[in-house]
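Q: Dumping what Swiss-Prot says about this protein:
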MOTIF     49-59  motif ''HIGH' region'
MOTIF     591-595  motif ''KMSKS' region'
BINDING   594  ATP binding site
């Protein structure tokens, strides 16, 4: 079907629905994949979003970046792997399901619901959200293998995870140990460091007196009073000076450097000792009456290099059951790991008086008890950064528990060396942020005391405590002596019922009841998505991955877990290139949250502007690695760009459809291409080259901004303006066809370049414009190869056109100064510059300047020849020298030719004034030169020169000016009648004899411009009549459609 005239306005929802239906009905995505099957492989791994709700703006941004880049790679000929992933296990989903089922604790889950039912509900919830989120991503136009995703609850995927744990065990990197770890009392499970969010929190800040003897105390500061029942020691730094300080009849032992800050100027230092001298000093536990077990324990001062002087007293409360550093130093000194707190954060019987209290609720009771015993020096509050559970937002606590760990500390060096093989965008993401995280990494707590997750494949013998790590479903079936799997279902509680026989003692082996940290789930995605080691061929084809991208929080999340798991399982990094992107924030830079009421949903944006506008905006707004502040007004600007693009498309199809333009019908050498035609072809290819480079480097902001500026500035505001009059030529004129061909080529190249970013509108334009003009072209724009031609780029022409556009803008400013309308022609414009490139550009593109500046003649020069130079005396230098001779010298200079005076100074270095035979010699500093333009000349400057515009209104100029004013009024009347572009009209004008005489010579010009078959000044009223005023002339214009051609 030939090119059809496009809809007059841009309707994104209509376009996007039509295009997505077209893709689905014609199976375009699968056919694009088939088309690229023989191309070089490009392997991409999708960071799996949680199936815990609907997508948000950040999730949309993430998938849009991925989709745009992968569409680009596909059009570059690559066979792209774009399998989506789904993270389906863990606390994010468990919490949502708990809310649905109305349960509040693990006890409720086990007693009221049952693990089997709870796990089933979690799976259903994940599946439902996966379907919803898939639909949302598809609405954004994201092309991925939605029918073949990797899902972390898939048995084949879980099996790869089991294999990874077996590899860790084989390498002696799997460890069960008692350690102090971060713990969520609400979820009753261990947390990894990556699962902790930090926020400001108010806590008690208390100074506690630990009794030594008599009225002497060790002064200790803490913000966690609830950990005092577990205190086993006080740590001091061996090299700090510690003071015995008297205040109010009591002696306090604390760091000398902090005495004045804590106790004030009134405190008196009695003596000072080194911290090392305090080692072994015993004290009585301040809560030994409330927590009786402490009466049977010895408490003493120990030494630790972790003690600082930045805050507190330099004497650090040490509870090995509640702090990682406390635990480590406690091991050195053989301190008991006393932890009187259960999994729910409630004090046990060992906590004495505080038994049954939630730890944070006990803070006030502990403070009151200390105060009543005169063991509290001061109680305040402090605001500080504190860790919260990433899902339920409960403040974390530290507990000593037995957990399973991966020995990351033993593979840290290998991880760092593998990191050097990865390209990071931006580079500092890997070189500083991620490297620092790895360098400070601790062993990874991988066990979770929950239900919906990959069961840890570790069976422990009930008799001899030996372990066996199962690496596959087949291995489990083979080793099982009791219980059996239901198909390949290896979730809890089914897998818990499988009993193995101990290979060492023949005893019964039961699975450890924990599930894996969900970061293990996603950390093994690189091979689990390929079902390795079960399916080795896929793995060899696609691993390792060429590209991944996620937000900057994943430096301690997915980027880290993949690298750690990759080194453990395969001795290498699973990815080669990483783009770390930012977060989406509101206009003020705040995190979006329902509580702030500042959440922008992707659907809201799509409803208002469509998916393509959202896609373009998110890539255009800022550098991808920076946080994105979502600004509705900026979105409007992007929407405006799409409307401008559509208007250009409407312009093109309106005239091309009228003339049944087919690019293949004409030999290029037969067409009359102008400089502006060659320029637009060069510009669009320059833009395509820059976009190619930008997308190759994942600089989406540069790519989109190049496209935006081209559409708005080059294509719409400039090229369409340059060729508009040529499209009105009625015959198959070579000049008009050259404009058509150039505009067609520019639009085709543009939509190919834009299509990875805004696939819907580009597909829609392609189907009409390109498929209409070239019926044998591929069925979808996304089947085209990437279009860019370096040979078509003419850098010199582009530079010259840039100069000419500045010249034309300067001409417009000069007209504004003279209040001289642009529709009125001027007699002459002189372009003045000392830069040869400027003059060369003006000469080369003189025709463009003449047409766009509406000038009869264009001249170029290094100076304006008609400028009058006026010489005046400089009072600052001549006043003191001339005194009474000043007035006659002034008159002589005024009478002299300023240009001659200036020439004399330049050639001879001075100018002589004859005062009745007396010669006065004037130096260059003695004379000031001013310039004066001739009447009717106005000038304006531009970078590189000036323009001088002659605004004299000759009869010929006035005749043409009035004719153009008449054309404008008739065009407005055509619009009022909503006439088609090609419609002919008859025009009758009632005016004064003077106006008729002035415009009669321009009759043919007016008729051509307004498509009039006849223009009559013998007035007859036609169908549509309107009164107008042009300058001081009152007119009546009447028009009607004409049947004449």
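Think of each number as a place in line: the chain as shown, counted from 1.
The backbone N, Cα and C atoms fix where each Cβ goes, glycine too.
In the displayed structure, how are the listed features positioned relative to their neighbours?
A: Sequence-distant contacts of the motif ''HIGH' region' (49-59) (same chain, at least 6 residues past either end, Cβ-Cβ under 8 Å): 85-88, 90, 92-93, 95-96, 125-127, 129-130, 132-133, 136-137, 551, 583-584, 592, 599-602, 605, 618, 630.
Note on the motif ''KMSKS' region' (591-595): residues 56-57, 583-585, 630 of its chain, located 6 or more positions outside it, place their CB under 8 angstroms from a CB of the stretch.
Long-range Cβ contacts of residue 594 (ATP binding site) within its own chain (separation 6+, distance under 8 Å) are none. A coil conformation is recorded for residue 594 (ATP binding site) in the three-state DSSP classification, outside any helix or strand.
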Q: Can you tell me the mean pLDDT for the motif ''HIGH' region' (49-59)?
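A: So the average pLDDT across the motif ''HIGH' region' (49-59) works out to 93.
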